[in-house]
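Straight from TrEMBL, the features:
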DISULFID  892-919  disulfide bond
DOMAIN    39-150  domain 'CUB'
DOMAIN    154-274  domain 'CUB'
DOMAIN    275-389  domain 'CUB'
DOMAIN    391-504  domain 'CUB'
DOMAIN    507-631  domain 'CUB'
DOMAIN    635-779  domain 'CUB'
DOMAIN    781-886  domain 'CUB'
DOMAIN    892-1007  domain 'CUB'
């Protein structure tokens, strides 16, 4: 055939070439050039010295030499390099030894670079082939090697699939003063198993110091292009037959040593190669048999990673090429997670071509990789590496705390780190990654940090969960001992935890000024009394004052490293941070490091303030001193109780103007846990600004269990992010209150999901406005809604529920359901457990809808100015709707405002829209966020085409200016859109032609762009 070979080197000085043709097909033939090599040849012992050309001067370029060592039958050859200096890379210059007479014989070793004198070992037979190759680049001094007859006739390097060897004279007595080495060199993907057979009789002595058999395991492989490194095993002697022995990553050697005294009958070893292996190291490689050559037929290989139950095993497949079959029924790889008793706990696979394994598989405890092949097609197989890591441990030096599972953590994880700081220091943890499943109380997944090597709740420093990517926390303990515990449950996972561990001075603490006339002074730490604060500090003070007072901080000194001329962030090196609440998760009041811009007095909005002082490793200065006192609340009583009687809350100075640089906080609480708070905002006028960055009323639900605790930090609990038009935006997964309002845009009605609501008013030092007036009371679903738009959400088991929506005379009411669930035993909703919607002010009006079950109801449009919802549940009920009013019947237009998720549809949805309409919808979310809009249905067509029937999308700026974004004809695929402000507008125009299709349906919600 068409065979091309670059060169053939023959060790002998003569060569015969035979060319044979038959009587049938002719071809173009062949030609070759030949020459003589300056080195090589045939040698016969008993001792030979082999050197590179010109040794000890530099060898020439482009040399290819071959020595054939042919010793007398029955002898073996010991081969040793006494000097070795070649070009470093094995791709350029190398010496290769073959354990036999041909280039197809097993490779005994391949060597390059510079090495100390070393022994290659003893050949398996009386033949060795030595190849020396150089390229056209650099040269060096070369090599000198000594080959000698193996006198004792024992030992050797063995290749193949099986074999036997024994001590000299076995089963008779071995000779005195003998030292022999037998080495088994497995084919790639196999390991050697050695069995001591027949009998074992080696002189017994204490510690086997006289005669002994010793097993040695290679720590490197032949692929490392250098002499093997060996790890010594135990010495064996006596008459007890040893158990079987397995090699680990590569070769295995049996060393036999006898002294001049007592001899025994010796031993015999039977060895064979087996695919698979048992791995006990913390890292290693798994290779299919004979890789990169094709694996054999009928392989059945078990690669067992013997991790302990608490350890995690990470397997990375580097390449994978296994015969494909339906369900991988021919050749396959399966990964099995086992229990300590050997039962299967989890299985990955089977995998083969077209159904390849993931790049990373993470298991826990003992893990087996099972490879099988059938009798037909074979391919190159696979390579994989693995690592075994414990989760947790004992730490006493700076380093990194991370989970062993990457890139995301696993379910059911429980990891504990016990940390010990040097005397006089405490633990400093700076998080680099913190992304866990969120919950307001961190009851699902969390990382908890305790003072001391304990997990008692009264020693808890902080418990963290949620997504902290935008503001990674730093935690400092109060003691030199700490325990960090990470736990995950059965559901959502994330990127997990990575924290830098260091040690710093103890500083900060709790400051109590909760009694009349109290004051306290705090200052930066100067441990060595040199007049400057210490480096790498992170100190926190939790200040608690009198009820219905605010905490006032008065700086009496501030000399902290200021920002540089080119720094864009305030106080990037050292600084004092003041938080309006109990922790760094509270709202940031201000950051201080530059005395020229210092407001000497700063107040919180409640009786709690958190103060953090931090420093880097350089440029320490005198620091700060501050006095902490109580000041009567400038906004009146901060703790309010809601009742069934409606009460009024007004901003300071209303209706004239609230003061500048004001911070107010009110907490409204219902007397029972299962009651809601209802807010009716009758007047609202605050300074307007983009995203409410200046003046703002922030309304959020308040969990009293965590109100005074610094210990629970849920971060961005229950948030998810997506890419919208190249911009990444965060969305909340919760329907809870947590929004800021400014300008004159506000929700008419707000109802909480908890029994407490917190309202925070913040004004800057600039423009002010009249403020706000609202009514608050205990919530309930028996309510009349007369605003232009809003949201209604009900949940739980109410005895009865009557909601009435009233629009001005001449206008109409539109209801859009985001979510609906009422448990009913009857598919026809004939039981009392259903929702009824009447087309009027009460139940005497026409019944439009009777609904139960689960799903999203179609929109409901009134024919007059009112709709009534009635529900007398017998079980759990939950629904969420958006309502609006419009001046055109059937859901044509309207202003729709929501603080969570809203919906709007075409008139008459889900069905064709009437012709001759011009409907304008104004959509808005809370001013402190952006509006994200998504079409779930877009299906309308007109016989007049897009010229007369179309839907226009408008972005609306913060100033209220509309710009046309898109014109839709009813059949497009429209991507999710993120508005530059909190508003958008839609205009739907229908012509006089025949309109078909179900119309369109849009959902929108608040989002926070990154």
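Any Cβ shown, glycine's included, is placed from N, Cα and C.
Cβ-based neighbour count (10 Å, all protein chains) for residue 892 (disulfide bond) stands at 23. This prediction places the mean pLDDT of the domain 'CUB' (275-389) at 91.
Residue 892 (disulfide bond) carries a strand DSSP state (E or B).
Within the same chain, the residues at least 6 positions away from residue 919 (disulfide bond) whose Cβ sits under 8 Å from its Cβ are 886, 888, 892, 893, 906, 907, 987, 988, 989, listed in sequence order. Remark: secondary structure over the domain 'CUB' (391-504) totals 3 helix, 57 strand, 54 coil, with classes taken from DSSP. Using DSSP to sort the residues of the domain 'CUB' (781-886) gives these counts of helix, strand and coil: 0 helix, 58 strand, 48 coil.
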